Amino acid sequence: MKTTTCSLLICISLLQLMVPVNTDETIEIIVENKVKELLANPANYPSTVTKTLSCTSVKTMNRWASCPAGMTATGCACGFACGSWEIQSGDTCNCLCLLVDWTTARCCQLS
């Protein structure tokens, strides 16, 4: 009796797994449909981003290069093949090698 009951429960469980599931509303399908809708009608969904990124380079003939006011240093380059540098205070490049003949700071600003 116990074996029959156990077998019956296993069969019922397996049958439930075999029942087709409605996959029309999975999160993947919903996202895919929304992306297609946005791409098909770009005029209906204007961009909320109105800022532009402007960048410039500042080169000095020493170990330090500072960005103009309001700009942030995003990267540095150093002369004499020095690959060791750091950004200090968010707007100044400092080359860390002993011998450096120039420093360039890449400065950017969102406006």
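Every residue gets a Cβ built from N, Cα and C, even glycine.
Only one of C55, C93, C95, C97 is recorded by Swiss-Prot as the disulfide partner of C76: C93.
In Swiss-Prot, the cysteine linked to C107 by a disulfide bond, out of C6, C11, C55, C67, is C67. Here C97 is paired by Swiss-Prot through a disulfide bond, and of C82, C108 its partner is C82. Cross-referencing C6, C108 with Swiss-Prot gives C108 as the cysteine bonded to C55, criterion being a recorded disulfide. Each residue contributes its Cα atom, and for C76 (disulfide bond) and C108 (disulfide bond) those atoms are 12 Å apart. Checked against C82 (disulfide bond), the disulfide-bonded residues C55, C67, C108 differ in C-alpha distance, with C67 being the nearest.
Here C67 (disulfide bond) is positioned 15 angstrom away from C78 (disulfide bond), judged by their C-alpha atoms.
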